[in-house]
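Single-structure report; data block below.
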């Protein structure tokens, strides 16, 4: 009895969870009626059930283009008390007993640790630092206003069990925007390259980083409100230590691995152990192991290592471990709890509606201080309402800490599901208005002398810049005839999965410690800024597009369409080496160029640089080789601009077939596998003669312009004549050759190594020449029937005829339709070639 006196009332009131003492059963069903009673068998059973439920839900929702996490969450809810627990309560308790959480929930949080590590790996911090002010403002507004709305609405459903700290978790969950899920939705709806799509993507990425910071604050508060400040400060100190000490150490270790050797299992295991260690540190600090893993993912210094880790971990973590987390979220969700505590269902529905529209409300409010229309702002708000697993993580951790009741947790889970599921069907009916300013000048030939010429100049490396700037500078920009240049740096997307377009401010100070990529970008921007400063009438805007090569052509065409460019300059994929041989720099660029030529919304020029870096000079001696056709007329149109430059001498050489030249039937050179151009030869001949006569009359008094005609009989004489010119000129401007078939070039098409350049361009791309010069191969934009850009009326160029002292007009005599007999059947493949 003496022992009983020492028992206190606190000891009696303790809550004790009872569960099976054995990890697994040693003698199967012969030892007891329930083989799933021990801890290990029940977990082994629960995990595949969760995987199966989430996969089935994903499969059923796939036709509706829903983000994957919605299907997985619904699969988890179906396993919870709302569905499974209601239709089969006894079976539900047998499969998901309360003690089953002893293993299931720790495994769910273990999955979160490595999920956070993957998120850190794929988050591009460099792109976030370069986010434009409009997207940054939308992201900050889209976090602050929804957070405030969530905190206010939380107090509408106060109950006796309410923990007031729950309001911050409601607010924090509403700030989340899913960058990856939003990218998939925009890609499905073909909106990823629109202005609204790009703005939403940039805002979502910044918003995701903000949400991770808010999660750290919420975790510190949930763990210990009295010591949360110390936990937050120590977490910040740990993050700084990782960036300034651990990251350099990892870089040093990685450099010890020779190039091409890959990363061994030792390296992978070393990194995965580091994830666990960082998780333990942040947990000891007072936040959560997930934050340590996230920070460790952010500091990975090598893009190849990032890619390797994502490939190794993603399927295992997302496919095996994360279903356990969704099962836990689903079991915690109970729709029957929505209207408890004297809360009417109408009030709950009203709260869910307001919560679901919080991002739209914030975007509409921010539109008052931006140049966005209400429709565009509402669209951005709707798109950024797309939630991710991070919102569920915030809510699940809050509920697990007892900060949110089942009712409060369920209301927010339903809101997350509703606002995310509404995005795909609503955005399906959104049609951006890209025609605010008429987009009619899609060729150089059509551009009026008093209009600015818009050029999209593409570069891949710093090595491309001098030759591109030389070609632009020779075009003679003046205040009366300005040139607006959009300098687009194209970077292959590897490692961190964050494709985006960055618009640069050329006068903004660069980073103190730039990476190799940032340093190259700064040099490219500086080169174009210097070009703008030394040339009157030039306005330059620098952009960087980070995307995979498979979609790079789509970015180029989209930007050209958005900027209403009349001309795109593309670097060629080969360059001349010290021995005079043309060698491939990057063969993948060839595919990009082919696709741009097939789908460009304006004229295109492929720039072949046959000059060594130390010999690149301004092209004083320019020659146009004119065989006829729309591409050659476009080439002469651009060279015509150059003839006004005081340092340029222009020579136009027309190649005409002689009496002994063979007659060529255009249909003999057409195949189904290539772009086909039905030709009205007589009409084309008339347009060529009219164009050249206008050029000769306009430049008759110009001493810097020379016009010549050469009469030849076959392609051999053509090749010989061109080779004799190689030392006479710095820049050749030639047409790609569509829309014409000449006996002087027809035979060359059979030997084309680069048919996307045409027969003459392909000749200049060979190693037959030893001199240093550049070649600009021009393709004029010609609309195809049913083109999305609509009909281009050539009659409108007649109004420019009186304006243009140095530029030709496309107006033709009555009865002539310049390209009425031409049509293009563009094919989306890599077999684009010259018409044979």
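Positions of Cβ are set from backbone N, Cα and C atoms, glycine also.
According to TrEMBL, the transmembrane segment annotation covers 39-61 (among others). Proximity of distant same-chain residues to the transmembrane segment (39-61), defined by a Cβ-Cβ separation under 8 Å and at least 6 residues beyond the stretch ends, is recorded for 19-20, 22-25, 68, 70-72, 74-76, 78-79, 95-97, 99-100, 102-104, 107, 319-320, 323-324, 326-327.
Under the heading domain 'Cation/H+ exchanger transmembrane', TrEMBL lists 55-425.
TrEMBL lists 73-92 (among others) with the feature transmembrane segment.
Counting same-chain residues at least six beyond the ends of the transmembrane segment (98-123), those with a Cβ under 8 angstroms from any Cβ of the stretch are 17-20, 39-40, 42-43, 46-47, 180, 205, 208-209, 275-276, 279, 289-291, 293-300, 306, 309-310, 313-314, 317-318, 321-322, 324-325, 327-328, 389-390, 393, 396, 400, 496-498. Taken from TrEMBL, the feature transmembrane segment applies to 98-123 (among others).
Residues or ranges marked as transmembrane segment by TrEMBL: 135-157 (among others). Within the chain carrying the transmembrane segment (135-157), a Cβ under 8 angstroms from the stretch's Cβ atoms is held by residues 166-168, 170-175, 177, 199, 202-204, 206-207, 210-211, 214, 341, 343, 347-348, 351, 354-355, 358-359, 361-363, 365-366, 369-370, 380-381, 384, 407-408, 411, all 6 or more beyond its ends.
The feature transmembrane segment is assigned by TrEMBL to 163-182 (among others). Cβ atoms under 8 Å from those of the transmembrane segment (163-182) belong to residues 67-69, 122, 139, 142-143, 146-151, 153-155, 200-201, 203-205, 207-208, 210-211, 214-215, 217-218, 221-222, 225, 355, 358-359, 383-388, 390-391, 394-395, 398, 402-405, 408, 412, 416, 420, 497-498 of the same chain, restricted to positions at least 6 beyond its ends.
What TrEMBL lists as transmembrane segment is 203-223 (among others).
Positions annotated as transmembrane segment by TrEMBL: 229-254 (among others).
Residues or ranges marked as transmembrane segment in TrEMBL: 266-296 (among others).
Positions annotated as transmembrane segment by TrEMBL: 345-365 (among others).
When Cβ-Cβ distances below 8 Å are used as the criterion, the transmembrane segment (377-397) is approached by residues 67, 69, 73, 108, 112, 115, 119, 138, 142, 169, 172-174, 176-182, 185-186, 196-197, 199-200, 203-204, 207-208, 211-212, 215, 218-219, 222, 288, 290, 322, 325-326, 328-329, 332, 356-364, 366-367, 370, 404, 409, 412-413, 416, 419-420, 422-423, 426-427, 430 of the same chain, each at least six residues removed from its ends. Per TrEMBL, transmembrane segment is recorded for 377-397 (among others).
The transmembrane segment annotation in TrEMBL covers 409-430 (among others).
The domain 'Cation/H(+) antiporter central' feature in TrEMBL is assigned to 485-613.
Annotation comment: TrEMBL describes 622-782 as domain 'Cation/H(+) antiporter C-terminal'.
Taken from TrEMBL, the feature compositional bias 'Low complexity' applies to 787-797.
Annotation source TrEMBL lists region 'Disordered' at 787-812.
Sequence-distant residue pairs (6 or more apart) of the transmembrane segment (266-296) and the transmembrane segment (203-223) include at least 3 whose Cβ atoms are under 8 Å, placing the two stretches in contact. Of the candidate ranges 203-223, 229-254, 345-365, 345-365 contributes the most Cβ pairs within a distance under 8 Å of the transmembrane segment (409-430). Model confidence over the domain 'Cation/H(+) antiporter C-terminal' (622-782) stands at 82, taken as the mean pLDDT rounded to a whole number. Packing against the transmembrane segment (345-365) from elsewhere in the chain are residues 138, 141-142, 144-146, 149-150, 153, 156-157, 174, 177, 338-339, 374, 377-378, 380-382, 384-385, 411-412, 414-415, 418-419, 422: each is 6 or more residues past its ends and has a CB under 8 Å from a CB in it. Away from its own ends, the transmembrane segment (73-92) comes close to residues 49-50, 53-58, 61, 323, 326-336, 392, 413, 416-417 of its chain (Cβ-Cβ under 8 Å, at least six residues beyond either end). Per DSSP, the secondary structure of the domain 'Cation/H(+) antiporter central' (485-613) breaks down as 47 helix, 40 strand, 42 coil.
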